[in-house]
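Please read the structure below before turning to the comments.
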Amino acid sequence: LTAGGWGGAGRSGAARRGARWVACPVTVATGCREVAPAPPLPAGAMVKETIRVYARVKPVGRRQQAGIYSVDDNEKTVSSLEIIVPRDLADGFVNNKRENYKFKFQKIFDQEAKQDVIFESIAKPVAECALAGYNGTIFAYGQTGSGKTFTITGGAERYSDRGIIPRTLSYIFEQLQKDSSKVYTTHVSYLEIYNECGYDLLDPRHEASRLDDLPKVTIMEDPDQNIHLKNLSLQQAANEEEALNLLFLGDTNRMIAETPMNQASTRSHCIFTIHISSKEPGSATIRRSKLHLVDLAGSERVTKTGVGGHLLTEAKYINLSLHYLEQVIIALAEKNRSHIPYRNSMMTSVLRDSLGGNCMTTMIATLSMDKRNIDESISTCRFAQRVALIKNEAVLNEEIDPRLMIAQLKKEIQDLKDELALVTGEQRTAELSQEEQIRLNELTERFLEDNDPESILDVGPDMRKIKYCFIHMKKLMNHSRISENKVFSQNILEEDTSMQVRKEELKLKELLQQRDSEINILVNMLKKEKKKAQDALFQLNAVSGDSKALDQCISINLEERQSPSTHVNLKEAKDFSCSVRRLPFLSRQTGAMSLGCQEAFEVFKRDHADSITIEDNKQLLKQRFAEAKSLGEKVNEVRNKINHLKGEITQRHIQRAALAVASPSEELSKFDPVEEKLRAQIEEEKKSYKMMFNHLKGLKVEIEHLQLLMEKAKVKLQKDFEVWWSEEATKLQ
């Protein structure tokens, strides 16, 4: 390992931001012995164990002076690290300062340990637990520049320098492809905690150039004290490539700064979480697990580093959050402690389950063994020893389908029925037998007929019989009530029928009287016509003096008086039919306007005073409809243009991001004139869209008002015609 790959030494921020993980098959040679993985977990059991603590020693740089330490791997289960701090003669002869410090870890990885050995020994067992349905957490703790980010995320120079996160993703998706017996779904999230504020590094709606542009994540707690992170997106990853792309996207947004201890120091805590859900086909049980991979910001002594300004503020927040983390660790290590201060910081709230909860947690203590940082390494080891005292209770996270629960409850009900039959000595079915129903019917009827107020209906301690008696009693009551209602309804029906017959008789009498009056009118009209014809014939005979003609006319008149001709009868029939067509009561009886009434309505409407107003409103309404249609098409065109401009801005962002990946050393200008021009066009189109939309709303109001006026005018015209028609009918009668 080169010194440039550890703790950011020798790395520039641009090089780290341009790094990208690529999944490719590369064989990595290891220089350390193999370490046996953790034993498999029992299925469905609760696992109680302390947090596993490992130590990793960072290689000492060329210009650094190495401290004195030794690693003892002779013991089977644990390894020992001994740090020796020689006494300084400048402190005087009387010096009670401690010289030897000895700490125990699950395993200690010395300076020659490779990244693949770290993964196989530390991360692989936790990843296997996550695949089995248990929650897991791996976090690295140490001072600034001790190699936390290199261990968790990895280096950017070589493929073999990949850290725990990319190797875990590769291992998980490899196992998912091998296991075809279950259906798996994988999601990832990336949370950054910077100055006690949470930020979502994977939000798809923001491509941030600054940290403030990212959406802020807030903590919500439900009544069951479960932590929920608001505004933290959960991105689905179907394969390893998608997951590594999301990891790269989050790493480019992390806060990185150059400090005296580290040229590319991460100034925030980052939590990369892998969510796994699995279900067997046809099974009702779903397993859900999550794996937290935590890269904590490094602690530093401000008096030693001498930072100031913005870096000093960041150091204050980092040290404060790590102090709260240590308070939680101390509280968990004490047996009689009732309150654990999880809420003091955002990081401890998010990692509540990982610290003393439902999780299998592993800690990696990163140590820098040069003489200048030996005191901080001892502090890190002490912190690790306190963490090793914490016990977690990991539970298999399974959810049962409600359908399976229903089947279990049905089985339990059947078992209870069997126990009841065993106690009572009789087998009870869901329904009563026919004989039992007849017997209960007789008992119920006898109970209702009995006039004794102290009579009792005894059916025994059987809820089926009691319910049946109540139902039968209700049926009897309803039947008696229905029979009474039937008799009453028959009487009412007979009265209604007689009243209806009387009304029909009255209507027929009125109709006959009207027909008689019409016939009398027609007879009088025929008499008048005959009298006129007789007077004309008498005048003609007096002028000509033709007695023969006079006799013929007289005979003809006498014949006409005795028997009217068919010609007169046809004329009378035509006059009668015309008079009948003019009568208004026929059209009212049919419920629809007759042909003559429709013709009269058209004439009345043409001469009515409001007809001109109706036609004007109709033309104006057509004009407004045409304007609204044209304006709506323009509004749609403007909207499509705005969407097109937004798409161009998105393409511009993609091009700039691709350029940043291709040439990470070049600094791209933050100001993009093309993007500013597109945004200005969008603002102009939005103003035009708003103005046309307001005009369209005004047209809609005007169209609705015109429709209302036309409806009122039509109703008034109809009422005026009905009044006129009734007056004309009255005059005719």
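The first residue you see is number 1, and the count goes up from there.
Heads up, the Cβ atoms here are built off N, Cα and C, so glycines get one too.
Bear in mind that TrEMBL entries carry predicted annotations, made automatically and left uncurated.
TrEMBL lists Gly142, Gln143, Thr144, Gly145, Ser146, Gly147, Lys148, Thr149 with the feature ATP binding site. Annotation comment: TrEMBL describes 494-543 as coiled coil. Per TrEMBL, the feature domain 'Kinesin motor' maps to 50-390.
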Can you count the other CB atoms that lie within 10 A of the CB of Gly147 (ATP binding site)?
27
Mean per-residue pLDDT in the domain 'Kinesin motor' (50-390) works out to 83
Could you tally the C-beta atoms, other than its own, that fall within 10 angstroms of the C-beta of Ser146 (ATP binding site)?
29
